[in-house]
Amino acid sequence: MIETDKLAAERIIAATPVSPNEEAFERALRPRQLEEYVGQEKVRGQLEIFIEAAKRRSESLDHVLLFGPPGLGKTTLAHIIAREMGVNLRQTSGPVLERAGDLAALLTNLEANDVLFIDEIHRLSPVVEEILYPALEDYQIDIMIGEGPAARSVKLDLQPFTLVGATTRAGMLTNPLRDRFGIVARLEFYNAEELARIVTRSASLLNAQIHPDGAFEIAKRARGTPRIANRLLRRVRDFAEVKADGNITAQVADAALKMLDVDAVGFDLMDRKLLEAILHKFDGGPVGVDNLAAAIGEERDTIEDVLEPYLIQQGFLQRTPRGRVATLLTYRHFGLAAPDSSSGLPGLWDSAAT
């Protein structure tokens, strides 16, 4: 798992932050209000109504669960919610809250209607989660004082607050925890037009000269993810300052991204290595993941957790009962003629069932 995390951190098209410097860079570019937030129109519209209603009633906003792939703006939305409500935000993450006392200390220090943001909430320990249930429902927590026979339970009242939980794996949340969120929002991948608007806004904040076609060139290679779009913009800006007097056109962006091994659909060297192995070493598949891992010299976890998700989501790779299969899109992307067998992919499933 360590190797998987290391590879994800090294890829320029990774959806997770790659360094503390990048996290600071992201904070500087974050929109501060809902009206500045680009994309996720449905989620944004819902939050506008719920926040305004809570403010008119002078109540805390209902608890919010944000889920979806990394890099789509869950943390940004948590900060915006607190700012729109005019309250403080306390931020932590599931793995950090190891003991019940850690959570109790946070909850007892919240002021009225404050927002508590827990990232990776699916990684809360069961002990901490048990403390959270009464806090979410009744704004109370039970803590144990003393040890052994003299131990006793004390009930503490809390100020009304809003929990904003973020997760990339909603399926790992327990049902009791999931049921306590009144507002549940899934963040989707962005289209190229939305990402181009984000790139243009970020370039303005960075005082970078960018043409609309340059912004779109970056956007269409950003894998539907604002975090990747902003990271690519930083690298393209560096290239433009050295090679093009700081002027980012489509041609400059294309040259910069080719230098970074990011192709027209956002694939990097590892994506292409995996797909080309399936095409050339295994005749398009099906191939088992262990054989594929050996062929490209990567760990199985790296393939399943880092490389495959985007390829499958975009329709370039298919998982079948017999293994991984390259799709027609993959053949077209590499300029290859698809064999007749690839047009009969359902047959793979049929043969597996017999």
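Just so it is clear, glycine is given a Cβ too, placed from its N, Cα and C backbone atoms.
Copied over from Swiss-Prot:
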- Leu29, Arg30, Gly71, Lys74, Thr75, Thr76, Glu137, Asp138, Tyr139, Arg180, Tyr190, Arg227: ATP binding site (BINDING)
- Thr75: Mg(2+) binding site (BINDING)
- Arg300, Arg319, Arg324: DNA binding site (BINDING)
- 4-190: region 'Large ATPase domain (RuvB-L)' (REGION)
- 191-261: region 'Small ATPAse domain (RuvB-S)' (REGION)
- 264-354: region 'Head domain (RuvB-H)' (REGION)
**Message:** Cα-Cα, whole number of Å: Tyr139 (ATP binding site) versus Arg300 (DNA binding site)?
**Reply:** 44
**Complete:** For Tyr190 (ATP binding site) and Arg319 (DNA binding site), the CA-to-CA distance in whole Å is 24
**Asked** Hey, of Arg300, Arg319, Arg324, which of those binding-site residues are within 10 Å of Thr75 (ATP binding site), Cα to Cα?
**Response** none
**Asked** Among Arg300, Arg319, Arg324, all listed as binding-site residues, which has the most CB atoms within 10 Å of its CB?
**Response** Arg324
**Message:** I'm trying to understand the geometry here, so how far is the Cα atom of Glu137 (ATP binding site) from the Cα atom of Arg319 (DNA binding site), in Å to the nearest whole number?
**Reply:** 41
**Prompt:** Looking only at Tyr139, Tyr190, which of these binding-site residues has the biggest number of Cβ atoms within 10 Å around its Cβ?
**Reply:** Tyr190
**Complete:** The number of other Cβ atoms within 10 Å of the Cβ of Gly71 (ATP binding site), counted over all protein chains shown, is 26
**Message:** Cα-Cα, whole number of Å: Leu29 (ATP binding site) versus Arg300 (DNA binding site)?
**Reply:** 35
**Request:** Reduce the DSSP letter at Thr75 (ATP binding site) to three states and note it down.
**Result:** helix
**Asked** Where among the binding-site residues Thr75, Glu137 do you find the Cβ with the fewest other Cβ atoms within 10 Å?
**Response** Glu137
**Message:** I need the CA-to-CA distance for Gly71 (ATP binding site) versus Arg319 (DNA binding site), whole Å please.
**Reply:** 24
**Complete:** Widest Cα pair spacing in Å over the listed DNA contacts Arg300, Arg319, Arg324 is 14
**Message:** Cβ within 8 angstroms of the Cβ centroid of Arg300, Arg319, Arg324: which residues besides those meet this for the DNA site?
**Reply:** Gly288, Val289, Leu292, Ile303, Glu304, Glu308, Gly323
**Message:** I'd like the number of other C-beta atoms within 10 A of the C-beta of Leu29 (ATP binding site), please.
**Reply:** 18
